[in-house]
Amino acid sequence: MTNXRKTHPLAKIVNNSFIDLPAPSNISAWWNFGSLLGVCLILQILTGLFLAMHYTSDTATAFSSVTHICRDVNYGWIIRYMHANGASMFFICLFMHVGRGLYYGSYVFMETWNIGIVLLFATMATAFMGYV
(Lines of atoms letter the chains of each structure in order from A and count residues from 1; the text may use other names and numbers.)
(Lines give C-alpha, C1' and ligand atoms only; values in the text may rest on other atoms or scores of the structure.)
Protein backbone atom coordinates (compact mmCIF):
# COMPACT_ATOMS: atom_id res chain seq x y z
CA MET A 1 0.00 0.00 0.00
CA THR A 2 1.43 3.38 -1.02
CA ASN A 3 1.46 6.40 1.23
CA UNK A 4 -0.93 9.11 -0.07
CA ARG A 5 1.27 11.95 1.09
CA LYS A 6 4.14 10.71 -1.09
CA THR A 7 2.14 9.89 -4.22
CA HIS A 8 -0.59 12.56 -4.45
CA PRO A 9 0.72 15.53 -6.49
CA LEU A 10 -0.38 18.29 -4.09
CA ALA A 11 0.39 16.35 -0.92
CA LYS A 12 3.82 15.52 -2.34
CA ILE A 13 4.71 19.22 -2.51
CA VAL A 14 3.68 19.75 1.12
CA ASN A 15 5.49 16.56 2.16
CA ASN A 16 8.76 17.57 0.51
CA SER A 17 8.56 21.12 1.89
CA PHE A 18 7.49 20.52 5.48
CA ILE A 19 7.52 16.87 6.55
CA ASP A 20 10.50 15.28 4.81
CA LEU A 21 12.49 18.52 4.64
CA PRO A 22 16.08 17.85 3.59
CA ALA A 23 17.70 19.73 6.49
CA PRO A 24 20.50 18.77 8.85
CA SER A 25 19.51 17.24 12.16
CA ASN A 26 21.38 19.83 14.22
CA ILE A 27 19.05 22.70 13.28
CA SER A 28 17.36 23.92 16.45
CA ALA A 29 14.73 26.51 17.28
CA TRP A 30 17.46 29.17 17.26
CA TRP A 31 17.45 29.09 13.46
CA ASN A 32 13.89 30.48 13.25
CA PHE A 33 14.86 34.02 14.21
CA GLY A 34 16.02 34.96 10.71
CA SER A 35 12.57 34.13 9.34
CA LEU A 36 10.91 35.93 12.23
CA LEU A 37 12.99 39.00 11.38
CA GLY A 38 11.48 38.97 7.90
CA VAL A 39 7.96 38.62 9.29
CA CYS A 40 8.54 41.48 11.75
CA LEU A 41 9.99 43.67 9.01
CA ILE A 42 7.00 43.09 6.73
CA LEU A 43 4.66 43.81 9.65
CA GLN A 44 6.52 47.05 10.40
CA ILE A 45 6.40 48.19 6.78
CA LEU A 46 2.70 47.45 6.34
CA THR A 47 1.55 48.96 9.64
CA GLY A 48 3.85 51.95 9.10
CA LEU A 49 2.28 52.60 5.70
CA PHE A 50 -1.23 52.41 7.13
CA LEU A 51 -0.31 54.72 10.01
CA ALA A 52 1.39 57.19 7.66
CA MET A 53 -1.85 57.55 5.71
CA HIS A 54 -3.46 59.34 8.67
CA TYR A 55 -0.51 60.87 10.55
CA THR A 56 0.47 64.52 10.27
CA SER A 57 3.87 65.65 11.49
CA ASP A 58 2.93 69.26 12.13
CA THR A 59 3.62 70.17 15.76
CA ALA A 60 0.15 71.64 16.21
CA THR A 61 -1.75 68.60 14.91
CA ALA A 62 0.51 65.59 15.55
CA PHE A 63 -1.13 64.55 18.82
CA SER A 64 -4.63 65.00 17.44
CA SER A 65 -3.74 62.89 14.39
CA VAL A 66 -2.60 60.04 16.68
CA THR A 67 -5.86 60.43 18.61
CA HIS A 68 -7.71 60.35 15.29
CA ILE A 69 -5.92 57.12 14.32
CA CYS A 70 -6.83 55.45 17.62
CA ARG A 71 -10.45 56.62 17.76
CA ASP A 72 -11.76 57.19 14.24
CA VAL A 73 -9.82 54.85 11.93
CA ASN A 74 -11.16 51.30 11.73
CA TYR A 75 -8.80 49.13 13.80
CA GLY A 76 -6.39 52.07 14.01
CA TRP A 77 -5.65 51.34 17.65
CA ILE A 78 -4.57 47.78 16.88
CA ILE A 79 -2.46 48.91 13.91
CA ARG A 80 -0.70 51.41 16.18
CA TYR A 81 -0.07 48.81 18.89
CA MET A 82 1.10 46.23 16.34
CA HIS A 83 3.55 48.79 14.97
CA ALA A 84 4.87 49.69 18.43
CA ASN A 85 5.14 46.11 19.70
CA GLY A 86 6.42 44.88 16.33
CA ALA A 87 9.43 47.18 16.70
CA SER A 88 10.26 45.64 20.07
CA MET A 89 9.77 42.14 18.70
CA PHE A 90 11.98 42.99 15.72
CA PHE A 91 14.87 43.96 17.98
CA ILE A 92 14.38 40.93 20.22
CA CYS A 93 14.56 38.68 17.15
CA LEU A 94 17.53 40.67 15.83
CA PHE A 95 19.56 40.28 19.01
CA MET A 96 18.62 36.59 19.32
CA HIS A 97 19.71 36.09 15.71
CA VAL A 98 23.07 37.77 16.38
CA GLY A 99 23.43 35.80 19.62
CA ARG A 100 22.85 32.56 17.77
CA GLY A 101 25.52 33.55 15.28
CA LEU A 102 27.97 34.24 18.10
CA TYR A 103 27.14 30.99 19.90
CA TYR A 104 27.57 28.81 16.82
CA GLY A 105 30.73 30.61 15.65
CA SER A 106 29.34 32.14 12.47
CA TYR A 107 31.84 35.00 12.81
CA VAL A 108 34.46 32.86 11.05
CA PHE A 109 32.61 33.51 7.77
CA MET A 110 34.02 37.03 7.52
CA GLU A 111 32.13 38.31 4.48
CA THR A 112 28.73 37.16 5.74
CA TRP A 113 29.47 38.38 9.26
CA ASN A 114 30.61 41.83 8.07
CA ILE A 115 27.49 42.25 5.93
CA GLY A 116 25.42 41.34 8.97
CA ILE A 117 27.24 43.91 11.11
CA VAL A 118 26.64 46.61 8.49
CA LEU A 119 22.94 45.67 8.41
CA LEU A 120 22.80 45.74 12.22
CA PHE A 121 24.30 49.24 12.35
CA ALA A 122 22.01 50.45 9.55
CA THR A 123 19.00 49.06 11.41
CA MET A 124 20.05 50.73 14.65
CA ALA A 125 20.64 54.05 12.86
CA THR A 126 17.23 53.85 11.18
CA ALA A 127 15.55 53.09 14.51
CA PHE A 128 17.37 56.00 16.14
CA MET A 129 16.18 58.36 13.41
CA GLY A 130 12.64 57.07 13.95
CA TYR A 131 12.79 58.02 17.63
CA VAL A 132 14.37 61.45 17.12
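Cβ atoms here come from the backbone N, Cα and C positions, even for glycine.
Now, the feature entries from Swiss-Prot:
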- HIS83: heme b b562 binding site (BINDING)
- HIS97: heme b b566 binding site (BINDING)
- 33-53: transmembrane segment (TRANSMEM)
- 77-98: transmembrane segment (TRANSMEM)
- 113-132: transmembrane segment (TRANSMEM)
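Using a Cβ-Cβ cut-off under 8 Å and counting only residues 6 or more beyond its ends in the same chain, the transmembrane segment (77-98) has close neighbours at 30, 33-34, 36-37, 40-41, 43-44, 47-48, 50-51, 66, 69-71, 116, 120, 123, 127. If you measure from the Cα atom of the residue listed as 'heme b b562 binding site' to that of the residue listed as 'heme b b566 binding site', you get 21 Å. Cβ-based neighbour count (10 Å, all protein chains) for the residue listed as 'heme b b566 binding site' stands at 19.
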